[in-house]
Amino acid sequence: MHSQKRVVVLGSGVIGLSSALILARKGYSVHILARDLPEDVSSQTFASPWAGANWTPFMTLTDGPRQAKWEESTFKKWVELVPTGHAMWLKGTRRFAQNEDGLLGHWYKDITPNYRPLPSSECPPGAIGVTYDTLSVHAPKYCQYLARELQKLGATFERRTVTSLEQAFDGADLVVNATGLGAKSIAGIDDQAAEPIRGQTVLVKSPCKRCTMDSSDPASPAYIIPRPGGEVICGGTYGVGDWDLSVNPETVQRILKHCLRLDPTISSDGTIEGIEVLRHNVGLRPARRGGPRVEAERIVLPLDRTKSPLSLGRGSARAAKEKEVTLVHAYGFSSAGYQQSWGAAEDVAQLVDEAFQRYHGAARESKL
């Protein structure tokens, strides 16, 4: 047990919550510190409530072996959750343009049930595709479920806007940085590779049970993601570097028209007017140039020692006040946060274990 070791998890999105839950189950004392909490389902400064939260890999084994491992682990976890109602099975369909990876590198064909290539009759002219059984979760409710599980284990939550890592380390033995886009501006992280990818979607009421991802027309990608509770996410957009949180009416019409062509069952009568729109959503996917960052780093506090009153004293006095601490990073997952969450959280927990076992003042970095 690690009851005397206090870990602060910075951020309460799906990555932070999943990491916190695994750590709490391992016996760590966990405190979640975040500006937005799981109940903040309408906050646009918080990525997790707006996600489609389905399981659809985009990386090949060559491009992303680490991500594939995370996704396989998450898939298995969600299968376990199906009987509880927190995850649901879907029939998945993906269609690609011929110049995409297409059927190449689909490592998940051995994981997902009923995987098979689509015949040309089920694809747009010149496109290729596959079908398989997949899973989704209800993003806001899933995060709230994780939070309840954490509270059962004694984990605590605090609403707080953190501007510097020094605030997060106050009273903590170790900090997990799951801040998403916050990594760009928090002092001590300052990762300018973190960037938003804007996503606009339409939430509709529908009994649809087929998850469709269509990029056969690269100029107009679309997707349909059913989730538990009879709701469907229709999308979407992929605006790299776009911070605009307003709803674009023209985009709404494009999304609805394209999704209706993909699956008429999203409408009660086969028309756009027959689509029961519940809400228009705009969220910012927390991406990172170079991909997700999951690694442990040793840093020295205070961060700016040149401005510290200690800098006026003798070197030995400064050293006595300075301390070296471990920061475990877990951010930059973009649109794959949910489908990689459990596997990434397992790696985070491993890094935390290693930090407590091996870091004894020596500056070093461990990367998975």
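A Cβ is built for glycine as well, from the same backbone N, Cα and C atoms used for every other residue.
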Among Asn54, Asn177, residue that the record in Swiss-Prot marks as N-linked glycosylation site:
Asn177
Quick one: which of Ser185, Ser246, Ser335, Ser341 does Swiss-Prot put in the anthranilate 1 site with Tyr223, Arg285?
Ser335
Of 98-111, 224-237, 266-279, 308-321, the range Swiss-Prot labels region 'Required for dimerization':
308-321
Can you tell me which of the binding-site residues Ser12, Tyr223, Ser335, Gly337 is spatially closest to Asn177 (N-linked glycosylation site)? Compare CA atoms only.
Ser12
Residues satisfying Cβ distance under 8 Å from Ala47 (FAD binding site), sequence separation of at least 6:
Gly13, Gly180, Leu181, Gly283, Leu284, Arg285, Pro286, Gly337
Where else in the chain does the signal peptide (1-24) make close Cβ contacts, counting only residues six or more beyond its ends and a cut-off under 8 Å?
30-34, 36-38, 46-48, 51, 53, 139, 142-143, 146-147, 149-150, 153-155, 157, 162, 168-169, 171-180, 182, 186, 286, 330-331, 333, 337-338, 341-342, 344-346, 348-349, 352, 356
Counting across all protein chains present, how many other Cβ atoms fall within 10 Å of the Cβ of Tyr238 (anthranilate 2 binding site)?
16
Cα-nearest neighbour of Arg35 (FAD binding site) within the listed binding-site residues, Phe58, Tyr238, Ser335:
Ser335
C-alpha of Tyr238 (anthranilate 2 binding site) to C-alpha of Ser335 ((R)-lactate binding site): distance in Å?
9
Please report the DSSP secondary structure of Gly337 (FAD binding site), reduced to three states.
helix
